[in-house]
Each structure stands twice: as C-alpha cells, then as structure tokens.
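According to Swiss-Prot, the features are:
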- SER113, LYS114, MET115, ASP116, GLY166, GLN167, SER168, GLY169, VAL170, GLY171, LYS172, SER173, THR174: GTP binding site (BINDING)
- CYS246, CYS251, HIS253, CYS259: Zn(2+) binding site (BINDING)
- 63-223: domain 'CP-type G' (DOMAIN)
Amino acid sequence: MNAKILFKIANSFLLYDLSTKSQFNAVIRKKLKQEDRIITVGDNVEFVKDQYEYVIEKIDERKNLLIRPKVANIDTLIIVNSVKEPDFSSYGLNKFLAFYEARNINNVIIYFSKMDLLNKQESKNMNQIISQYEQNGYIVLNSLDKEKNKEKILNMIKNNVVCFAGQSGVGKSTLINFLIPDLELRTQEISQALNRGKHTTTSSLMIPFNEGFVIDTPGFGSLDLNMTQLELANSFTDFRNNSVHCKFKNCLHTNEQNCFIKKMVDENKIYKQRYLDYLKMFSEIKK
C-alpha cells in the first residue's frame with residue numbers, strides 16, 4: 001500500500017493513504033532504521049499493517065530533496081519574500097533561487113508579500129524589479145493581487161505538491177491561511193492523529209488540500225549554498241539557459257572572454273543586480 005509522509009515526530013510518522021485518503025500513525029521497519037534511511041515530509045512510502053500497527057517498509061525514489069526546509073518530492077516551490085519589514089534583499093532572494101534550483105526544483109515561483117506597506121516611490125522601484133525577474137523567466141506573484149493570485153496558486157496545488165518557503169517574518173503563514181481558510185481545523189486533526197498539542201510551524205507539515213498537497217515549512221534565517229562555482233553558475237536558470245552561446249563550455253561568467261551572459265547584462269537583458277549578486281556568491285564560494 002502507498003502513502004505520503006505528512007509529518008514526522010521522533011520515530012513516529014503521520015501517513016496519508018493515497019487510496020483511502022485516510023491519515024494514521026506508522027513506524028519504520030527495523031531494517032530501514034538499521035540502514036540509516038532518513039524519512040522526511042513529502043516522501044512516498046510503501047507500508048503494511050501488522051497485528052498492532054502500521055509499518056513503513058520501503059521509501060520510494062525521490063525526484064528531489066531539500067535539506068532546508070527538509071522536504072521531498074516537490075512539484076512547485078513558492079518562495080515568499082517580503083518587500084518591507086523585513087526589507088527586500090535582492091541578494092537574499094537570488095541566493096534562495098540558486099539554492100533551490102540547484103536541487104532539481106523545476107518550478108520555482110516568487111511571491112512578494114507586504115506590498116501594501118510601500119510608498120509610491122518604493123512601489124515604482126519594486127515594480128521595476130518585478131519586471132526584471134519576469135523578463136528573466138520567473139513567474140512572480142504579489143500580495144496586492146490577492147484574489148487573482150489565489151486562483152493561480154489553487155490551480156498549481158491541484159494534483160501537485162506545492163511547498164511554501166521563506167525567511168522568518170516574511171508573511172508565509174499569512175499567505176497560507178488566506179489560501180486555506182480552515183487551516184487551523186486541518187492542523188488540529190493532524191495534531192489529534194499524532195496525540196499532541198496544537199501544531200506550530202517549527203517543522204515541515206504537509207496538508208492534503210484541493211486534490212493536492214501544501215507543505216508549510218518553518219521560517220529560517222540564512223542559507224549556506226554548499227556548492228561549487230560551476231554548480232552556482234548552473235543554478236542561475238537564466239544563465240544556464242543562455243550559456244550555450246558563451247565561447248567556453250564551462251564558462252563561469254566572471255572574467256572569461258566572449259561571455260554571452262555578461263553581454264546580456266550589458267544589454268539589460270539580464271537584471272544587473274542579479275548578476276552582481278551572483279559575483280558576490282561566487283567570491284564567497286571561492287573563499
């Protein structure tokens with residue numbers, strides 16, 4: 001029988017049976033534990049019911065795995081990024097994009113929150129930044145178009161696993177509560193299934209919703225890229241998609257001659273600040 005991992009606490013796992021749509025606790029087979037197999041939220045598993053309990057027997061192969069937040073098998077990742085309180089940081093956003101896209105997340109969406117806190121000039125500047133990301137191929141949503149974007153996100157969730165991630169205080173929980181009005185009721189049901197108190201977002205939680213799944217993740221402070229310089233270059237999607245035109249096969253887009261990416265930056269076809277952020281990350285990896 002097949003299930004998804006909704007939540008993990010110690011050595012107990014909350015499973016969602018894909019055929020019956022029921023939720024129940026399970027433990028991991030001793031053999032898997034001895035093999036030091038790590039199970040995380042989003043994992044697809046096979047289970048059986050023995051005389052006393054449900055037992056996880058196998059972890060299916062993952063299509064992707066994130067360490068921060070710790071989740072697996074994501075179809076779409078929505079990065080919630082505040083434009084005010086805390087203020088927008090292009091470096092922070094570009095670092096998140098590089099980190100996630102290096103981990104086989106094919107569909108990464110940017111959501112700018114707290115747009116209503118900007119003054120007129122700040123809004124104008126932010127809209128120019130949004131246009132740059134859209135020009136570079138990203139889907140960008142924002143908190144001013146709540147109802148329209150709600151429909152877009154609900155359509156993304158259907159038959160998919162959508163994960164929301166972002167730093168602490170960016171408004172991620174506000175967005176998820178807007179999308180799922182009965183979220184508290186749903187999390188209460190999960191807490192009851194686990195025989196524990198009210199759930200708070202200190203660990204990742206997968207919620208069945210709209211014929212798909214939403215993953216709510218804890219906020220975090222910063223990320224370590226933990227990759228090589230070439231991996232960094234390839235994790236910038238707009239760079240990777242155009243690097244075929246560079247003179248050198250493994251061009252790092254720094255000091256190389258006839259670098260097509262630098263040419264695109266000079267022609268304002270790639271957001272210049274994004275390129276400067278790339279150079280900063282590149283130098284940090286070099287150190």
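Using the three backbone atoms N, Cα and C, a Cβ is placed for every residue, glycine included.
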Distance in Å spanning the most remote Cα pair of SER113, LYS114, MET115, ASP116, GLY166, GLN167, SER168, GLY169, VAL170, GLY171, LYS172, SER173, THR174, given for GTP: 19
When distances run from the Cα of THR174 (GTP binding site) to each of the binding-site residues CYS246, CYS251, HIS253, CYS259, the nearest one: HIS253
For SER168 (GTP binding site), the number of other Cβ atoms found within 10 Å of its own Cβ: 11
Cα proximity to VAL170 (GTP binding site), best match among binding-site residues CYS246, CYS251, HIS253, CYS259: HIS253
Using Cα positions only, nearest of the binding-site residues to SER113 (GTP binding site) (CYS246, CYS251, HIS253, CYS259): HIS253
Pairwise Cα distance for GLY166 (GTP binding site)/HIS253 (Zn(2+) binding site) [Å, integer]: 28
Least surrounded among the binding-site residues, given as SER113, THR174, when other CB atoms within 10 Å are counted: THR174
Local confidence of the domain 'CP-type G' (63-223) - pLDDT mean: 88
Extra residues within 8 Å (Cβ to Cβ centroid of CYS246, CYS251, HIS253, CYS259), Zn(2+): ALA233, SER243, LYS247, PHE248, LEU252, THR254, GLU256, ASN258, PHE260, ILE261, LYS262
Cβ neighbours of CYS251 (Zn(2+) binding site) where a neighbour is any other Cβ within 10 Å: 21
Closest of CYS246, CYS251, HIS253, CYS259 to LYS172 (GTP binding site), Cα positions, binding-site residues only: HIS253
DSSP three-state assignment (helix, strand or coil) for LYS172 (GTP binding site): helix
Secondary structure of SER113 (GTP binding site) (DSSP, helix/strand/coil): strand
